[in-house]
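Trainee: Below you will find the structure I want to go over with you.
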Amino acid sequence: MAKSALRRRRGTRKSSGSFLSNAGFLPALLGACVLIFIGLAGGILMGLMAFSGTKSDFSLRKPLEPILSLSRKNSVVSHTDGRSTQGANAGSAEQVVDDGIINKEDFLKHEPIIGNQGAFPYHQQLVEQDHDFFSFKPQGGGRFDEYKHGNSPYSYSPGESDALARSRRYHIKKAMQHAWTGYETYAFGKDELKPKSMKGDNGWGGIGITLVDSLDTLWLMDMKDEFYRARDWVKNHLDHNIYKAVSVFETTIRSLGGLLSAYDWSGDEVFLDQAKDLGSRLFKSFNTPTGIPTSQVNLATGQSKNIAWTGNSAITAEFGTLQLEFRMLARLSGILDYKEKSEHIYKLMNDMHPAHGLYPYFIRNQGNKPEFANNKLTFGAMSDSFYEYMLKIWLQGGRKEQFYRDMYDKSMQGMFDELLQVSSPSGLVYIADKNNGVLDTKMDHLVCFMGGLLALGAYTDPLGLQSERAQRDLKTAKAITYTCYQMYARMETGISPEYIQFFPGKDFQSGRGAPHYLLRPETVESFFILYHLTGDPIYREWGWEVFQAIERYCRTVAGYGSLKDVHLPDIEPEDKMESFYLAETLKYLYLLFDPETPVDLLHKHVFNTEAHPMRIFPIMDEEGVMDLLKQ
């Protein structure tokens with residue numbers, strides 16, 4: 001607990017002989033002095049409380065309370081810039097003075113505060129196993145302002161929040177058990193569970209998307225009985241020979257990635273055999289004049305095509321997010337084409353030489369060479385994971401293929417130059433879009449993966465973590481992640497909408513026509529990565545707050561459902577549970593609170609964009625996994 005900032009000044013008075021000599025008046029006078037002192041002290045204390053928002057030697061702070069105390073009502077705290085925010089800094093140890101950051105230039109010059117504001121003050125009591133999530137009430141936004149611009153103001157020791165984390169990890173696992181039991185009971189082997197009507201749905205063609213996507217989550221949560229029942233279904237019932245056009249991208253990251261990860265963790269050949277079969281079918285989408293794959297492929301016939309609504313163009317995030325999976329499959333199958341053709345996509349894209357290293361999200365792939373088909377720049381939908389794989393391909397190969405790291409660094413510089421913004425009045429850092437050269441001040445929830453990506457890029461920067469570039473990227477990673485936390489905290493349910501729109505003088509509002517929440521993982525992904533790399537317990541606090549909101553507003557009798565409107569606390573969840581809720585959202589939350597995790601982001605593993613962790617190639621070499629490409 002941080003020390004109170006109250007400093008009491010005790011007044012003294014010289015004693016006089018005449019005063020002390022009058023014994024008759026002494027008791028009365030002493031009593032009067034006591035009363036006067038109490039009155040003065042009370043007045044001083046009330047005055048100090050009124051000015052406690054200023055950084056003064058005589059400011060008064062309340063003793064710290066848990067930030068998620070369910071009985072506390074939202075408070076109104078006056079900021080030093082004159083603003084008042086509902087629920088601001090409830091339980092905050094410091095009312096940080098306005099640092100004067102009002103634009104991007106100010107932010108980029110800002111030197112973060114690191115560990116000089118005392119001990120971390122936000123630890124709570126251990127969570128009981130019968131914890132009542134229904135009583136959760138969102139605390140409101142504006143809290144934890146001291147973290148807004150990439151600061152990590154408090155000191156902490158390794159593992160100091162681990163006991164608390166374990167008590168929370170129990171509930172994350174219980175959530176997975178609840179969702180999996182619903183799936184296994186009502187939809188086992190189906191693509192998705194309808195969590196309200198308690199039915200199965202085969203909208204993906206009947207290839208067990210939720211089951212396959214969840215395999216490594218079951219393994220990492222030590223739900224081995226459930227894992228092996230799912231394994232038996234994969235062996236005896238999974239059949240990819242379906243006469244249906246599927247998304248090459250989604251099927252690769254969810255199914256192929258899920259099978260490869262399950263094999264990498266368990267060593268069970270059942271998963272590798274199915275991965276080989278699925279990969280061979282998906283790979284037929286690469287047969288185009290440009291070498292840029294089509295968006296869809298029929299898994300039975302191999303016929304492929306682009307999606308009609310794209311104007312017959314390929315989507316950058318789709319064809320640019322296949323490489324981790326096909327490089328891994330190439331190594332395990334010995335089929336060199338998987339590696340070479342998937343990597344060739346990045347050479348083609350690099351040769352297009354986009355300004356600032358930023359790529360529009362539609363690419364024509366039917367002519368002799370790829371061409372840009374639009375001029376929208378975004379780190380959100382349809383572009384996002386292309387930038388993610390620039391870094392992760394480099395990590396997968398042991399940081400030796402500098403071409404990919406160079407592409408990543410160029411694109412990140414372009415993001416800083418062209419898209420990074422700071423809101424008013426709060427100074428929230430975010431990444432905007434740009435349409436035909438005009439800035440669009442919106443940010444998708446999908447963009448929140450960038451907090452984790454920038455942090456991972458900083459910690460692996462060839463120039464070193466202490467380099468100016470790495471420190472810039474780490475500061476920005478933290479600042480963007482704070483903004484993403486505010487996307488949750490400022491909503492009535494404590495849950496983020498699909499995207500937000502920024503306005504001058506108003507910070508942000510939920511995006512027009514998109515107040516829904518699809519159980520997305522990107523924000524908790526960044527919480528996990530930043531905690532894993534920095535050890536700062538604040539990310540566990542924010543993650544727990546988000547999890548409580550999901551438990552309170554998204555849980556159904558058989559699973560979890562998306563929300564139609566995050567502004568309406570009384571609305572019921574929808575009858576839709578995406579497979580990525582089990583594959584990503586719950587996995588990232590579990591890993592955030594798992595002190596004993598075998599996952600090692602810096603030395604051993606790389607996650608695909610669907611949160612399927614696999615060993616990097618040098619570790620596979622060290623541990624004796626045969627590379628069939630070398631045979």
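Going from the start of the chain as shown, residues are counted 1 onward.
Note: Cβ is positioned from N, Cα and C throughout, glycine not excepted.
In TrEMBL, annotation is done automatically, which means it is predicted and not curated.
Sharing the feature lines straight out of TrEMBL:
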type: ACT_SITE; residues: GLU250; note: active site, proton donor
type: ACT_SITE; residues: ASP384; note: active site
type: ACT_SITE; residues: GLU498; note: active site, proton donor
type: ACT_SITE; residues: GLU522; note: active site
type: BINDING; residues: THR609; note: Ca(2+) binding site
type: DISULFID; residues: CYS448-CYS484; note: disulfide bond
type: TRANSMEM; residues: 20-51; note: transmembrane segment
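Could you give the neighbours, burial and distances for every feature on this list?
Mentor: With a 10 A radius on its CB, GLU250 (active site, proton donor) counts 18 other CB atoms from all the protein chains.
Within 10 Å of the C-beta of GLU498 (active site, proton donor) we count 20 further C-beta atoms, all protein chains included.
The Cβ of GLU522 (active site) lies under 8 Å from the Cβ of HIS445, LEU446, VAL447, CYS448, PHE449, CYS484, each on the same chain and at least six residues away in sequence.
With a cut-off of 8 Å between CB atoms and residues at least 6 apart in sequence, the same chain places ILE253, THR321, SER385, GLU388, TYR389 near THR609 (Ca(2+) binding site), listed in sequence order.
For CYS448 (disulfide bond), the count of additional Cβ atoms within 10 Å of its Cβ stands at 30 [all protein chains shown].
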Trainee: Using Cα coordinates, what distance in whole Å links GLU498 (active site, proton donor) and ASP384 (active site)?
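Mentor: If we compare the Cα positions of GLU498 (active site, proton donor) and ASP384 (active site), the gap is 15 Å.
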Trainee: Return the residue, from the listed recorded positions ASP384, CYS484, with the maximum count of other C-beta atoms within 10 angstroms of its C-beta.
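Mentor: Of the recorded positions ASP384, CYS484, the highest Cβ count within 10 Å belongs to CYS484.
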Trainee: Could you tell me the C-alpha distance between GLU250 (active site, proton donor) and ASP384 (active site) in angstrom, no decimals?
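Mentor: About 14 Å separates the two Cα atoms.
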